[in-house]
Amino acid sequence: MSHAVKIYDTCIGCTQCVRACPLDVLEMVPWDGHKSGQIAASPRTEDCVGCKRCETACPTHFLSIRVYLGDETTRSMGLAY
């Protein structure tokens, strides 16, 4: 089942989510528009198993990264009609 990983602009570039992910779904990418110079990205969401360790590790308390599991993806992201 496919999961969506959404990185929000409240990401502080701390790398905690990247280090917490057991399957390397996340990585840090350069971003000039951020004071840390980097932001989390999720290029390999097809490998996400939905463990949500990235959410738990985030020091912004789920404000920067969210994992939407399978069926809840469109509903939770506000995409359902």
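Any Cβ shown, glycine's included, is placed from N, Cα and C.
CYS58 is the residue from CYS51, CYS58 that Swiss-Prot records in the [4Fe-4S] cluster 1 site together with CYS11, CYS14, CYS17. When Cα-Cα distances from CYS21 ([4Fe-4S] cluster 2 binding site) are compared across the binding-site residues CYS11, CYS14, CYS58, the shortest belongs to CYS58.
Nearest to CYS17 ([4Fe-4S] cluster 1 binding site) in space, judged by Cα atoms and limited to the binding-site residues CYS48, CYS51, CYS54, is CYS54. Of all Cβ atoms in the shown protein chains, 26 besides its own fall within 10 Å of the Cβ of CYS54 ([4Fe-4S] cluster 2 binding site).
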